[in-house]
Amino acid sequence: MPFLGQDWRSPGQSWVKTADGWKRFLDEKSGSFVSDLGSYCSKEVYNKENLFNSLNYDVAAKKRKKDMLNSKTKTQYFHQEKWIYVHKGSTKERHGYCTLGEAFNRLDFSTAILDSRRFNYVVRLLELIAKSQLTSLSGIAQKNFMNILEKVVLKVLEDQQNIRLIRELLQTLYTSLCTLVQRVGKSVLVGNINMWVYRMETILHWQQQLNNIQITRPAFKGLTFTDLPLCLQLNIMQRLSDGRDLVSLGQVAPDLHVLSEDRLLWKKLCQYHFSERQIRKRLILSDKGQLDWKKMYFKLARCYPRKEQYGDTLQLCRHCHILSWKGTDHPCTANNPESCSISLSPQDFINLFKF
């Protein structure tokens, strides 16, 4: 007679009916309870016991195989709909609420990184999650986070673009994980601690790959940036929104260095990112008695957040409370759905799930 304990995967215990009632029997060789039913039961009952034990073994083996496949999978958990309904409380029609991890799984960030208009948006969102929201993700969402991050790194290694941006992202994530992993026993991360240590080693490997990357020059010989007129070069440099990009560009050639030091260029950059009040609080004069806009920019960047602008963003419909990418169709009953949609910055997206 098989008896299942608390662990449904166990083979059970061996019992035999005697004149005094049911008793367990201990195998003298192995020191454990076994189903040596050949001596106590009929052959039919013995075969039933073996069949029951084999079924338990098959179920346990299938579960172990499924767990192993889940731990090794590299794909994101996709959903057919590329939108999600954001609800913050229970109602008669809908119970529960939407979490950050659920939204992260449903909004198809894995495909969004392939779009140059959405790439910076997704990277900024990953950085914000790595800073403070990693513990609020579910186990599946944390796995998707690492899988998307791996695709981002592979894309940067292939395209050789946005290298510094991803370096900063990896450094932010590694610093956060160092703090979270030290909190042993507090259940701040989902999964085994050794798995997260392995992921940290993977992050270090990615950082080393980015540090060792060699920018390959294009094979064709045509018109280059330095061949353009100076006014056109300066016009293009005014489109750069990061001062560090201007400094790096000025290190390419002496002529570009002269353009990168243009006072008007740095003045427009300061006025783009910061308000007049912020600028007046951080005035810096040069040796000639003029405003040093370059030094002012980097000082302002350390004190205030810079302006963020993206080619494509997530948007929230105020009519039906559906979150989706711009241009993605969603079931909305409004007469003019486009007028009901508002764009969300990465920080607005995070704040949307703070209850």
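Each Cβ is built from the backbone N, Cα and C atoms, and glycine gets one as well.
It is 62-67, from the ranges 62-67, 86-91, that Swiss-Prot records as motif 'Nuclear localization signal'. Your range for motif 'Nuclear export signal', going by Swiss-Prot and the list 154-158, 169-173, 194-198, 314-318, is 169-173.
Swiss-Prot lists motif 'Bipartite nuclear localization signal' for one of the ranges 40-55, 136-151, 248-263, 280-295, namely 280-295. Beyond the motif 'Nuclear export signal' (169-173), the same-chain residues lying 6 or more positions past its ends with a Cβ under 8 Å from any Cβ of the stretch are 123, 126-127, 130-131, 134, 149, 152-153, 203, 206-207, 210. The DSSP breakdown of the domain 'F-box' (223-271) into helical (H, G, I), extended (E, B) and coil residues amounts to 35 helix, 0 strand, 14 coil.
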